[in-house]
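This structure is in structure tokens; I'll ask about it shortly.
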Amino acid sequence: MADLASRITKPDEVAAETPAETPAETAPAASGELGQADGNIEDLGGSGLQEPEWDVEVSLSELQNNEATPFHSATTWQDLGLREDLLKGLLSLNFLKPSKVQGKSLPLMLSDPPRNMLAQSQSGTGKTAAFVTAILSRVDFSKPDQPQALALAPSRELARQIEGVINAIGRFVENKKVAAAIPGVLPRGEPVRASVIVGTPGTVMDIIRRRQLDISQLRVLVLDEADNMLDQQGLGDQCLKVKNMLPKEIQVLLFSATFPENVMKYAGKFAPNAHSLKLQRSELTVKGISQMFIDCPDDNMKYDILCKLYGLMTIGQSVIFVKTRDSASEIERRMVADGHKVSALHAAFDGAERDNLLTKFRQGENKVLITTNVLARGIDVSSVSMVINYDIPMKGRGDTEPDAETYLHRIGRTGRFGRVGVSISFVYDKKSFDALSKIAEMYGIDLVKLDTEDWDEAEERVKEVIKKNRAQASYAPSATEPKAAAGA
């Protein structure tokens with residue numbers, strides 16, 4: 001296996017290269033073609049989302065028995081036969097046409113009789129909007145108090161985000177009721193009166209056992225970040241217990257950016273006879289993210305280098321990923337003491353604090369967030385221009401092997417919706433160096449080394465990418481903030 005040195009692109013080589021995608025090429029021309037984008041609709045066209053260059057590979061289980069069975073991909077929302085109130089909601093968010101993943105997955109998810117689905121696609125390609133549209137299409141809103149759809153997420157932050165997307169896309173749906181089944185929200189003993197429930201597996205399992213949630217008419221179950229939930233022993237057990245409590249005919253939809261082979265096999269049993277949308281490993285990493293690394297002299301020097309990067313972090317917004325809660329809190333304490341404005345967010349905070357911290361970050365009140373893997377997956381803040389891997393993600397007993405999937409999810413917090421972004425990973429010893437080397441080899445990443453001996457050049461290199469990110473801000477669709485009406 002090639003070591004990290006063979007994956008490194010020297011800075012002078014980068015400067016000499018012509019970028020594969022310039023901002024002008026990435027940003028669609030104003031051609032009148034409808035697309036998913038924010039900003040002035042008259043000036044924008046195309047998708048605006050991170051669109052894979054590959055055509056989505058769709059494996060249809062029925063083709064095993066009948067090779068002539070056709071399937072189609074929607075090119076407009078109207079092709080899907082969606083309700084007018086859903087169309088209105090999608091258009092109000094500038095989701096003007098389906099992304100590739102949405103166009104491939106929605107006809108399959110909405111087919112009758114309902115079929116299970118396992119869908120894999122890069123971060124920022126519109127997976128959440130896809131399964132939310134499917135959920136809202138399956139629910140009978142003439143029965144607003146009857147639970148009919150259940151979405152599970154690995155963290156309260158992601159559950160809250162999905163809840164927000166449901167409310168945004170369904171903003172024009174009459175009698176829509178959505179409930180969050182996360183710790184500290186639902187009154188104990190009171191029945192859940194909502195047609196759509198979004199929650200974490202443990203809380204959902206508890207309210208089913210306490211008979212607060214009527215599961216008799218649930219039609220669809222969604223697992224977002226499904227590989228993470230099915231692979232973790234605790235979450236996987238909870239998800240399986242929840243599924244076994246639900247009606248046997250329920251439609252199961254599994255979504256994630258990554259599906260390791262061992263999880264894929266289990267997912268196939270969790271959602272049998274499923275349609276499958278899959279990516280090749282080489283297409284998993286997001287090309288719009290400039291992936292860099294810094295070789296720190298030792299573990300203690302990582303903090304000093306982090307502080308030197310602070311000015312770059314606040315050009316846009318940044319997320320710093322660390323291994324432990326204690327590390328997050330300690331780095332926050334030291335940076336605040338050194339005069340930097342940062343916030344830490346991890347699972348040791350109570351639910352209300354976590355909700356408040358993430359809201360402030362979304363609104364731009366906090367520019368820099370220090371966190372653990374609790375925010376590695378699914379969280380969508382389109383203005384994040386930089387991700388820092390203060391600690392390389394590891395897994396296995398004793399952290400013996402690199403966690404390549406978590407690395408991919410972490411850096412996917414930037415480069416959202418086709419915008420560019422920067423990820424910077426800190427290495428300081430042979431173990432961290434080798435771990436990043438293996439991740440780079442696995443995904444075919446060409447890493448750029450930032451020279452700490454010449455900070456001016458390093459800063460210019462990072463700043464160039466971040467400014468491109470900000471220049472593309474008008475191309476980022478928001479699933480929670482509608483475009484302001486003309487003249488508003």
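Cβ coordinates come from backbone N, Cα and C, glycine included.
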Looking at 1-49, 197-245, 246-294, 295-343, which one does Swiss-Prot call region 'Disordered'?
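Region 'Disordered', as annotated by Swiss-Prot, spans 1-49.
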Going along the chain, which residues at least six beyond the ends of the motif 'DEAD box' (224-227) come within the CB cut-off of under 8 Å?
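Beyond its ends, the motif 'DEAD box' (224-227) has Cβ neighbours at 118, 127-128, 131, 151-154, 158, 162, 254-256, 258-260, 263, 267, 377-378, 405, 409.
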Can you count helix, strand and coil residues in the motif 'DEAD box' (224-227) using DSSP?
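Counting residues per DSSP class in the motif 'DEAD box' (224-227), I get 2 helix, 1 strand, 1 coil.
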Quick one: DSSP breakdown of the motif 'Q motif' (75-103) into helix, strand and coil?
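The breakdown for the motif 'Q motif' (75-103) reads 17 helix, 1 strand, 11 coil.
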Need one number: mean pLDDT over the domain 'Helicase C-terminal' (305-466).
91
